[in-house]
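TrEMBL annotations:
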COMPBIAS  320-333  compositional bias 'Polar residues'
COMPBIAS  334-350  compositional bias 'Low complexity'
DOMAIN    1-58  domain 'HMA'
DOMAIN    96-162  domain 'HMA'
DOMAIN    169-235  domain 'HMA'
DOMAIN    249-315  domain 'HMA'
DOMAIN    365-431  domain 'HMA'
DOMAIN    441-507  domain 'HMA'
REGION    319-353  region 'Disordered'
TRANSMEM  532-553  transmembrane segment
TRANSMEM  573-595  transmembrane segment
TRANSMEM  607-630  transmembrane segment
TRANSMEM  636-656  transmembrane segment
TRANSMEM  796-823  transmembrane segment
TRANSMEM  843-867  transmembrane segment
TRANSMEM  1251-1271  transmembrane segment
TRANSMEM  1283-1304  transmembrane segment
Amino acid sequence: MTCQSCVRNIEGVVGGLTGVETVKVDLTNKQGTVIHNPVLITGVQLAERIDDMGFEAKLKVQALEGSPRPDSSKGVSPVEVADLLGEPVNCVCGDQLIQISVKGMTCNSCVRNIEGHMSKQEGVRSIKVSLEEEMATLIVDPAATSPEVVRTTIDDMGFEAKLVVSNTAGVSVSIEGMTCMSCVNNIQSTVGGKPGILTIKVSLEEKRGYVTYDPGLTSPGQVRDYIDDMGFEAALLDVVESEPQVRLETCVVNIQGMTCGSCVRNIESTISERAGINSIKVSLEKEEGVVEYNPDIVSAELIADMIDDMGFEASVKSGGITNKQKQSPQTNGKTPLLKSSPHKSSTTSTWQENAAFEGDESNLEKCFLRVTGMTCASCVAAIEKHARKVKGVHSILVALMAAKAEVQYDPEQVMPQQVASSITELGFPSTVLEEDGAGQGEVDIEILGMTCSSCVYAIESNVMKLKGMKSAVVALATQRGKFQFDPSITGPRDIIDCINGLGFDASMFNKDNSKSSYLDHRKDIRKWRNSFIISLFFGVPAMLVMVYFMAMMEHMTHEEMCCVLPGLSLENLLLFLLATPVQFIGGRHFYIQAFKALRHGTANMDVLIMLATTISYVYSLGVVIAAMVLQQSASPMTFFDTPPMLLVFVSLGRWLEHIAKGKTSEALAKLMSLQATEATLLTLNDNNETVAEKIIDVQLIQRGDTLKVKPGEKIPVDGRVTSGQSMADESLITGESMPVAKKPGSQVIGGSINQNGLLLIKATHIGNDTTLSQIVKLVEEAQTSKAPIQQLADKIAGYFVPMVVTVSSLTLIAWIIVGHVSIELVDKDFAQKEKEGFTRIEIILEFAFRCAITVLAIACPCALGLATPTAVMVGTGVGATNGILIKGAEPLENAHKVKSIVFDKTGTITRGTPTLAKLSIFVDETVCTLAQFLAVVGVAENNSEHPIAIAITKFCKQALGNLHAKCNGFKAVSGFGLECTVSDANHIVEAARSSDLLLNVKNLSVSYINEYGLTDVLDQPHQKREDMFLIGEVLVDFSNVPRNVGDDVARAFFPQSSSGNPDNDKQLKEPYQVLIGNREWMSHNSISVSKTIDDQMREQEELGRTAVLAAVNGQLLGMLAVADTIKPEAALTVYTLKKRGLNVVLLTGDNQKTAAAIARQVGISRVFAEVLPSHKVKKVKQLQEMGHKVAMVGDGVNDSPALAQADVGIAISSGTDVAVEAADVVLIRNDLIDVVACLDLSKKTVRRIHLNFIFASIYNIVGIPVAAGVFRPLGFVLQPWMGSAAMAMSSVSVVLSSLLLRLYHKPTRESLATLDYHKEQEARFGGLTDGEDNISIHRGLDDIPAPPTPSSALSRIFGPMRGLKPGGHLQVPIDDDDAEVEMKFIAS
């Protein structure tokens, strides 16, 4: 401190901190006295805050006894004062006091040894060891170390150390997702090192963990979170607290969407059963619920999520949480959740707790992380949820496609590397980005109206006053300014508004080389077109002059044709005038490129072209000037014709090449056109009410802006919905044909189309961070990447230029020597030329130079350089047009080498979402018609959010149109089923008469059985098949009804008039008491399930389907089988790949029974089942180690490691995966036939590349010897212009050859579905194959136990054997080492 200004500054800043009552600074004694509340802010924090102001501050005296204490009656307890063995120390907020019993110390040397060693350990604030009490007392930072680590460290020093804990508690946690002892060890080691965890024991068999912990440092909820964050599903089972006090809180939840008392009872009964809920009371009138809960087990936000998951809209009411204590050692005895829902962490220390010290966030810093391994939005959510729990992390924003995360953190609590390490432990490898400008925005702005340097200063100084500005540089001469800023705080719009507010006219600077022109290669196309036109304009007259004077030489001597001036003929004069503009105007682009190449020490095709033309021009000009100086009577022979002729062909080749490049970029240009150009910006007040709106350019959108998107408009940038509900068409970006529902909290993608509702969104990713921009970046990288063939071609071209120059020089020297030895070999008519005035030296030099220049002209490596890139560019462009996004030249080249192709099951071979596959009716129409059955079941399932219910509801809606009826008393029991009462459904049944789906029923024919893969039908007798029908893609089975339905389908489908059957007591009447669920649910509700029905359910389960029963009014009516059905094109794709000699493998995490059923339906004979997502990559490696080139086809969610490991990774595009980074190829249209098309396109492209190399090589191999004059003795020699024409033709032929790829048509289902395919399908499904149908099933990895007995293996494969004829034989060799089962079905 130097003056009173410093004193006032310190007193003002410190006095404004939360928790400071008074502050007095003494300038003379250079000290300050502060009276403060130690609960809110400590002395250490006060000293650090003063230190941050630029002064050097130390905590001199901290009054422990005399400092004011908070009034305990107000609910605030005083700060803990730790008695460090007689030395009272005030623990810094957040630090932990631990005591360790240390046995084995013998003297003070042991004490000093422990204190000295431990004080150096990370996280240890202070330590005091007592030899007499055999006790060590430490204050540690729980974020840096843990009690167990400290105890282990002392133990490793040779002493016997044990933690002394005065207060312990225990908790039992159910853990789902463990597969081996590796999982057990991982949980025990990770959770055991967390603060407050004393012991942990995990049982794989019981799927449970037993934890003892210090309740002062952690809680049961945190223990559950620790395990949950590792990727397992954890739920609390029982908590044994040492203290009887259980803290309870009360929250108020706003609930929208309740319509009646049934909704109220449903919410109260469902939520009250959840773990941690003490009581709940819901009010229909107030649209809210009051919940009393244990915050150690559940949070208010989680309760709202639970209600939200029931189909209502729930949110926690602000200020509605209160605390109280309850005497209860247990969690009210409620059954815990079987699976934990997403919940907020209840960590002991989060950044919010330090808000009082952080003030206005002025001391927060920002860092950027590179995060790899993310594949979908759920990865982003997991990372953001995890990072927010890290102490000191204020906020995090993750960009999926950019693979970056922006983190705002408190440097006093956490460092960027710690955040990165925490995310890496989660399973997403992360590193801190340290490059200049990471996360920094930059914009060029055009500023009109500046007149002098004072204007420049005014703009720069005012703009720099804006928050988040990094730099501002304005140039008066160019009327432009370059501004760098933090995009999370400000943006271009704020800068432009600031400049406009100063009286200038500011707007975004539009660069000439915009992306669209770059993509279309307009500038390059225009440049080479102009070069060609100039060369052609002067080249054609030059050719005519040359031909004319060659013809005139038949009638005139050389002297007679000369001279305009002595030594200068008219021919040379005209050729000089025509060649000069071509050489220096038409050829200037070649000069520029050649100069750049030579300056960097390389020689490319431009160097070769300019050598040929420059030598021709300079030589010709030199000999003509020499003849004029010597006043010769005849003008010498020149090569002025070479530059125009050569540059005409070369510039034509370049022009065509860039046109081809422009064509390949059309798909990229179409992608960019998806971007919206304008957006509607809203200005909101403090109550989130709109006060103004205006339309702005999409480039002016800033992060955090609230934007309005009207129905039918494009969503301008990536963001999150803050208000409104709608459907968004994301098909242009994701390939997902179905619109995606959007509600508050949903993520939206820039470029997608808002369909039917008004949305307000908050911009989260702008500019180059948007999903669309990242897709464009991927395609750009694919267009410029090089295949191995191209790398070889470039290497050859690098050596080719010096070699050609050497050959040309040797040609020149050789012919000069030959001419002096025997001039007849150079020119047989040399005597005639001597008579015309030419000397021997002139004749020899003219021929030698002509041959040398012709070698240079014909040997240009243009064609060699064009062979691969033109084919790759056209190939990737054709692929993009056909819905196959190929990310580079290498996968395009490698795909044709693939020998094994591995398919994931869910979402790849199958649709990825459950759908209704089969519907069996057990009663005749006198009891319940099909329409009545669908109406009752549909209304009941419409109230459930379960995936099976959604699949059933979807079909019922398709068949009936709507499901608007009353549903009371709805209750869903997890793992069993549901019950409810349905009424007012008769209008739905009557409306079914006009349903197109029910009226267009398909009888079951052989063609339909083959098309839909109905393998289970083939075993049924013909009479039963007559009672089976197809409604849409669902098989409806009436074969269990006592009468033959085939005689009267309408009677079974629709209700008859009441007059037709007035006394029907069997007919179901309203209200309908509905039960839908599994066998156990029926048994629980006293509904008997016969053996026949049980066998039918078992048959469906053998096929990998989930079967549920439906009973109404105590009578069992039918069975519904739901499955993830196979894509229609899957079997055809597999057949085609196998027909082409590929080894096709199915790789899935599903059970063997389901995997075998799916494999048999599509024709795959090798299956890897029960493989964990993390182990899929190992399976791909195993195939590669066998010497196979492997292609992996997956949905890109859990398969990303395997996609990256495979030689060619092919991702099926889905709603959650826009473009999978791990894959090399993305199938935009979600059609498996495109896998065949991808391999086919690769084969055609590589074949075209090889053809291009042949074209390129033939010209050089044949042309160079001819140009060098090897065949001169036979009278055959090339002129330089002929050489240049041949060279140009080679380039043009290569480009035209590549462009022929644009005629490629990908295989279609019609072209692939041959007669042989249909025969094979019928034979396979009917069990008619004469050979063997082999299905090899491999089960998991080595740590998954093999089948204990052969009988269990038989039981797993018995289902698929149902198609065997009686008397068939079964051979099942069991290999316990590989856990492999081989099924051989041999016809008898």
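Glycine is no exception: its Cβ is also placed from the backbone N, Cα and C atoms.
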What mean pLDDT does the predicted model reach across the domain 'HMA' (1-58)?
78
At a C-beta cut-off of under 8 Å, are there same-chain residues at least 6 beyond the transmembrane segment (532-553) that contact it? List them, or none.
561, 571, 574-575, 578-579, 581-582, 585-587, 640-641, 644-645, 647-648, 651-652, 654-655, 1281
Which sequence positions outside the transmembrane segment (573-595), separated from its termini by at least 6 residues, show Cβ-Cβ distances below 8 Å to it?
527-528, 531-532, 534-535, 538-539, 541-542, 545-546, 564, 604, 606-607, 609-610, 613-614, 617, 620-621, 624, 638, 640-641, 643-644, 647, 650-651
Range from 1-58, 169-235, 249-315 with most C-beta pairs under 8 A to the domain 'HMA' (365-431):
169-235
Would you mind splitting the domain 'HMA' (1-58) into helix, strand and coil residue counts from DSSP?
22 helix, 13 strand, 23 coil
With helix taken as DSSP H, G or I, strand as E or B and everything else coil, how many residues of the domain 'HMA' (441-507) land in each class?
21 helix, 24 strand, 22 coil
Counts by DSSP class (helix H/G/I, strand E/B, coil) across the domain 'HMA' (249-315):
22 helix, 24 strand, 21 coil
